[in-house]
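Report on one structure; see the data block that follows.
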């Protein structure tokens, strides 16, 4: 595409040069050029005829496949412009689209690098935001690469539903990453100038990813429907076995996921967990900081690496990067092992970078730890824990802060028996996150503020993301309960256009306002959001006076609620057993 743009640009410069004087020599050259042009046109017509012959089927397939996307013109023109081999299937169109998207992402990466190197007068937060972009763009490249590999194996390597879930998760996360990059430039006017320089490229990639996601969703849902239709001829028993496998994943005869190593099985079966490294602030362990222990952990490991963090207060910011896979943080108990920080937006951080602990590497686990950010309500966004780790889980952990406490950024996540406390949007992000048996408490905010338990960030209707709160307790801390009439508290508000939050089988105290939910800004997203409640109890659970938005609905049956269980929403049957944590796959 770049050479084409350069050609058009040069042609436009030539055309607009009004000082051009056509001398007799120039006229002669033009005549010569016209003769050459006629010959070239004849040759090109023959070539085009060949391309048309080859691509007539491709044209029809491409047009049909792109019709399922949100941006069909972009879908068609992007792939059609590349020429290349003839397209014979929906899968080939998706692969071609993903390859083009990868090229665009690489272009954006170098654009950000150039801004960092050459733009003068950048503020510290702008530099931080640009580095956030490099991180999320790098993650996007990995996600697209894995998606293409998974597509090559489709549909034979694993079950259709597992293929579908994995592909949709990868591209959903890629879309989220583009928005995260731009969100880093939304704090003041100076930030927005840098944002403008990145906007076109980031939005282009987001739209390309959106198209790929729509095509993947269409292909996999069609294939699953066809499989189930063929499967109707099988016996009832076989049907049930197949359906069970789709929910529970590929398990061995002992009920463990097949990918789980023998060593990890022994680890999970044991009454005590053996640590590979120990952190102690008094010097009695292998390391005195958590960050040092993470740095020493192996990269891209298929084996669980357990870091025991002894009781103590660790004042540091810790990042478990994407290369640090299968890391487990094991504390001595909530309130005993505390990792604390105070980064915040008011003092110059981005929301993304403010996290005290950020877990990105796949299959991250944590138990018996307190994560906190002590910045306070006047410092605005200040994250205690940010999670972008796929197949991550947290057990008996505390997340304490004020605004934006728990950032469930992306991928599949699970929280059980955790305590989450905050004020504004204190559970937010665009992961597919399930919270079970957790205590979720709003606390007293600053004067004039309203408490919002959730702010879910789904930006595309085909993303398989959302926040599910099941069998939890939603209430307030003692300092809020004493003045609850002064500070309204709501279940959530829509951060992005297709925000999706489901609260079911939970106890909701009367700290929650009768209307339940709050708008973000005017009528934004009220028709497109998905807010659901099901079989909740408590003083704030009544739905008679809930909001009357088009996107809000009370679920009335188990069948309608089932897709939001851990078994289906995050494919928990295939991986939650490997955590060793308690969980429920169903209602």
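Glycine residues also receive a Cβ, built from the backbone N, Cα and C atoms like all the rest.
Of the residues 372, 381, 463, 470, Swiss-Prot places 381 in the same substrate site as 351, 493, 495. The two recorded residues, residue 404 (active site, proton donor) and residue 425 (active site, nucleophile), show a Cα separation of 5 Å. Classification of residue 438 (disulfide bond) by DSSP places it in coil, neither helical nor stranded. The secondary structure of residue 403 (site 'Transition state stabilizer'), as reduced to three states from DSSP, is extended strand. Cβ-based crowding with a 10 Å cutoff singles out 404 as the top-ranked of the active-site residues 404, 425.
Neighbour counts of Cβ atoms within 10 Å were compared for the recorded positions 99, 218, 403, and the top value is held by 403. Taking every protein chain shown into account, 418, 438 are the disulfide-bonded residues, and of these the Cβ with the most other Cβ atoms within 10 Å belongs to 418.
Residue 425 (active site, nucleophile) sits 6 Å from residue 403 (site 'Transition state stabilizer'), counting Cα to Cα.
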